[in-house]
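Enquirer: Dropping the structure in here first, questions after.
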Amino acid sequence: MTSLINTPVSVADDLDAFRDALRHWLPGAIPANWRDRIRKGGEPAYLDVQREWYKALADAGLATAHWPSAWGGADLSLDAQIIFYSELARAGAPMALLYTVSLYHMPATMFAYGTPEQRDRYLEGVRNGGVVWCQGFSEPGAGSDLASLKTRAERRGDTYVVNGQKIWSSSGQHAEFCLLLARTDPTAKRKQEGISYFICDLRSPGVTVRPIAQPTAESEFNEIFFDDVEIPAENLIGEEGQGWQIAQTTLTTERGLLIFECVERLAQAYRKDADDGRDTWLRDPVARHQFVTFYPRIRAIQALVAQLLAELREDPHGGNVTATYVKLYWGPLLQDYVQFTTRAQGLEGQRFTEPQRCAGHNSGDAFSDFLWSYGWTIAGGSNEVMRNLVSERFLGLPKG
Amino acid sequence: MDLGALQDSIRDMLTTECPRERVVRHAQHGNGIDRDLWSKAIALGWTMISIPEENGGLGLGTDALALLYEEAGRAAAPLPLLSCLLAVQSIVASASPAQRDSWLPRIAEGAIVAMDAPIGITSPGLSLSRTGGDIVLTGTVRDLLDGADAQLLLLTAADAEGRAYRIMLDVAADDLTIHRETLWDRGRSLSNITLDGLKLSADRAWLTTSEAEEALVDHAAIALAADSVGGQDALLDLTIEYLKTRQQFGRPIGSFQALKHRVADHRTRLEGARWLTRSAVAAVTAGLAHHATEASAAKAQAAADYIDLGRDAIQLHGGIGFTAEYPCHVFVKRAFLNEQLFGSRTFHLNRAAAPALCGAV
């Protein structure tokens, strides 16, 4: 086991000391010139940076510090995690995008529903091996209406045989494993019933992963095809038919810290944009006025996220209502902001630059940031689905 | 003091004494503040909240006042709370002990004080000179909120050396005539006052500081943000209730996505404004470094969100929203005035974003 002495984690109980230690540690730990390397070196360089960064975090015990100590984590408190992400944003560290599912969605699912054998094997794989996971939830015919998914898993003896297609799996082309939702009982009365939750080894015969060419000139998302893929029965998570319920646990992991990190990075970007534009586009009084209108909105989303984190501090499974408002405030705000920065730069903002991955919505190419903002207005519940949720569940308006 | 209990008691009083029908009637037939309602507020000691304990008050801070403003906004109550409580703050911050003892009890007893906007939003409209032991005031003060309803005026003046003062004028004793400028929002009014060599005892004046005036800007910004949050809460509830009950095409109109999605967006923005305002209240109460940017951000955002909701609330109500008997218009008019009072949207946006634009953060 790696010694944690003299690393930030070893002083995490003292929040001020933890912050100081992170500020001391981060400059040497962040992969050098990572922005340039990725811009010039494309996908292979991106993967190198992600792996280096993950190794640095893992060696310092920080990658999985938010996990329970029983599973190799450090029981890092929510307040310490908040500091961690603030400091990452402040230091301009790359986001560990390749490992989001490995570090959050998979373990959250395992802690709640995994068997001891599953936990031992898969948590350890992430913690010490940096194994990459992806999600296999959405389908071409099941986006906002996820519960209508059709991918079929049929039990045959000790295995399930899977046929169907998944889509929008981030990092699927680099992942070893997939969190897979598939229908085990097509005769169930409600569409939410009859869905089961599996661990699928993507190296299994019959699996085809195909990257989707995106308007951003990248391929973060993938289609995954399943053609008579055999999954051992021991890879079922929870009970057969419990998949929908378990998926809620997986998806609620996205609340809180992941959005906090993005919001903090936007607040950083606002200050940087103010600096960058001072002698150029901010001299235009119209652009300047529009720019200042974003200040209160960014402070408002920060205040809303702070409230969400306060609720999660009280109850790690709470905050449902506030999390919904956070998402519906954040997506449109981000999209408005990056649309504004793109347009404020005039023709300069139309020049294509090679993709800058894992920089948050602060890549240096505003149009790329604009395109990526759809990741918050479509994925994880589109704006329109969130508006149905707010108006029907929270405000009591009748269903259409 | 349990602030939650304080807020409940304020809300209970306004629910009983300032129901919607009263506010709607006032909007049609009244002009300026509702004097009977003000008497009841005074009887309950609402102006005592921030008066220091040594002057017989509760000595509570911005966090308590914000609750009062939020509830007044929820009821769209025609009360001069902001004018009077700003005056209390100015007196406590800058006046001499003797001046405190003269004026604070009068405010506690119900005298309405009108305040001109703090220095920083505008420059003093009055010039102050001295003759013997007296001061002489000349000039014009524009757009004095609640001036026509006030018994006292707390105005700013500058002397020849550029020192800034606050001066207390007594409308009756100083024989002032004040004309009311009627606003679309009939719960408040403005006045212009011209003084031509008005001679007053020097003890009516005290020096003010830019810090004290800046703190008044924060106070006004938070008050108007909280009023806007309370008003949005009430107006959104009113609108949602209407969408649930109004039937057209054989179903409640709230079942149409084109309508319910707008309501969801308004609610989401309200939550942002609510937590931003609370953050500003906390920053000002605790005297945190970013209090000014936070207060102005809250005012700019909450007032703009209130206007957008107000505009859409009439639309979502359809024809009934366009009647004087229905309360939508009262909130809409209050929303538009809130944005203009004590610093325009542009003023507060610039004040909020100034540190970011200067690279200071």
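Cβ coordinates come from backbone N, Cα and C, glycine included.
From TrEMBL, for reference:
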DOMAIN    A:14-129  domain 'Acyl-CoA dehydrogenase/oxidase N-terminal'
DOMAIN    A:134-229  domain 'Acyl-CoA oxidase/dehydrogenase middle'
DOMAIN    A:241-394  domain 'Acyl-CoA dehydrogenase/oxidase C-terminal'
Enquirer: Could you give me three numbers for the domain 'Acyl-CoA dehydrogenase/oxidase N-terminal' (A:14-129), the DSSP helix, strand and coil residue counts?
Expert: 89 helix, 0 strand, 27 coil
Enquirer: Determine the mean pLDDT over the domain 'Acyl-CoA oxidase/dehydrogenase middle' (A:134-229), rounding to the nearest whole number.
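Expert: Per the prediction, mean pLDDT sits at 96 for the domain 'Acyl-CoA oxidase/dehydrogenase middle' (A:134-229).
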Enquirer: As a quick check of your reading of DSSP, tell me how many residues in the domain 'Acyl-CoA oxidase/dehydrogenase middle' (A:134-229) are helical, how many are strand and how many are coil.
Expert: 6 helix, 46 strand, 44 coil
